[in-house]
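Everything on this sheet refers to the single structure shown next.
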Amino acid sequence: RERRARFVGKNGACNVAHKNIREQGRFLQDVFTTLVDLKWPHTLLIFTMSFLCSWLLFGMVWWLIAFAHGDLDHSTRGQREPAEGGAAAFVPCVTSIHSFTSAFLFSIEVQVTIGFGGRMVTEECPAAILVLIVQNIVGLVINAIMLGCIFMKTSQAHRRAETLIFSKHAVIALREGRLCFMLRVGDLRKSMIISATIRMQVVKKTASLEGEVVPLNQIDIQMENPVGGNSIFLVSPLIIYHVIDKNSPLYDISPMNLHHHEDLEIIVILEGVVETTGITTQARTSYLADEILWGQRFVPIVAEEDGRYSVDYSKFGNTVKVPTPSCTARQLEEDKSIM
């Protein structure tokens with residue numbers, strides 16, 4: 001049988017493609033999240049175009065104000081001083097605007113600085129003062145949105161998950177006289193993951209009694225860890241294990257038929273709060289049937305040296321063979337009950 005596609009990749013990426021989405025407008029109802037989810041080239045393009053378009057728009061507005069007031073009329077440029085006979089000097093709305101280029105430069109100055117050079121708004125035109133206020137508000141809104149998007153993209157939770165690692169293989173061996181499914185998880189950073197929780201699911205194709213086929217049926221499986229419950233204190237690598245009992249989906253799996261379960265996939269999800277930023281992060285991985293080693297156990301990697309504990313990550317995924325029954329957990333339990 002051909003092995004089905006992996007539901008969750010080893011790096012935690014979900015292997016799901018969304019097609020034929022007809023309600024595309026829903027993405028525009030949450031513009032901020034849509035911008036954060038975009039790829040970096042698209043985000044930088046929108047970042048650049050948002051400022052450039054606003055500068056061009058208000059540059060056109062400033063040019064129209066100058067055109068309507070006669071600031072672009074060359075005959076009025078020499079009337080800056082009082083004329084003979086006491087005639088009042090011509091006062092432009094914005095000084096030193098002679099073309100659309102100068103209006104565009106003034107638009108940039110208004111939006112990105114509070115100081116001006118040779119161009120400035122005068123008291124001659126109330127409309128120019130109103131446009132100045134509007135452009136400043138629009139510029140602040142654009143700055144807040146775009147800089148917020150850039151910050152969120154650089155501090156996304158999955159970046160922290162890159163330093164949360166899982167063992168490449170999972171193992172099945174005896175622990176306290178019971179068959180257990182085990183994996184190792186660790187954190188490469190010194191900053192901790194607060195309130196870390198871990199859970200596992202079995203994803204496989206199932207069929208109901210009525211004939212309904214569920215291609216990706218997700219079944220939660222009970223876990224155990226060295227500190228009890230699902231909450232873990234991930235200050236050093238831990239071995240997380242699941243006891244294969246009568247309530248486990250792995251109850252009838254033996255080493256002989258393990259690799260014949262092409263539809264079997266075990267997903268591991270680690271969640272917690274990043275200590276330094278307070279952002280919730282999630283790390284994921286999965287194990288297919290051929291990535292589960294029967295009759296092996298992880299080697300110890302924590303040792304005490306010079307009054308402190310040292311972790312050797314070069315042995316993080318190393319395993320060693322141990323005596324393990326070549327039977328299912330059901331058969332092992334029945335043999336114990338007979339004895």
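Heads up, the Cβ atoms here are built off N, Cα and C, so glycines get one too.
Unlike curated entries, TrEMBL annotations are predicted automatically.
Annotation source TrEMBL lists domain 'Potassium channel inwardly rectifying transmembrane' at 8-156. DSSP places the residues of the domain 'Potassium channel inwardly rectifying transmembrane' (8-156) in helix, strand and coil in these numbers: 86 helix, 4 strand, 59 coil.
Positions annotated as transmembrane segment by TrEMBL: 44-65 (among others). For the transmembrane segment (44-65), the list of distant contacts is 35, 38, 71, 93-94, 97, 99-100, 103-108, 110-111, 125, 127-128, 131, 135, 138-139, 142, 145-146, 149-150: same-chain residues at least six beyond its ends, Cβ to Cβ under 8 Å.
According to TrEMBL, the feature transmembrane segment maps to 86-108 (among others).
Within the same chain, residues 32, 35-36, 43, 46-47, 50-51, 54, 58, 61-62, 65, 93-94, 107, 110-112, 121-122 sit at least 6 positions outside the transmembrane segment (128-151) and bring their C-beta atoms closer than 8 Å to a C-beta of that stretch. Residues or ranges marked as transmembrane segment in TrEMBL: 128-151 (among others).
Per TrEMBL, the feature domain 'Inward rectifier potassium channel C-terminal' maps to 164-336.
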Non-local residues, at least 6 beyond the ends, that sit with Cβ under 8 Å of the transmembrane segment (86-108):
55-56, 58-63, 65-66, 69-72, 76-77, 79-80, 118-125, 127-128, 135
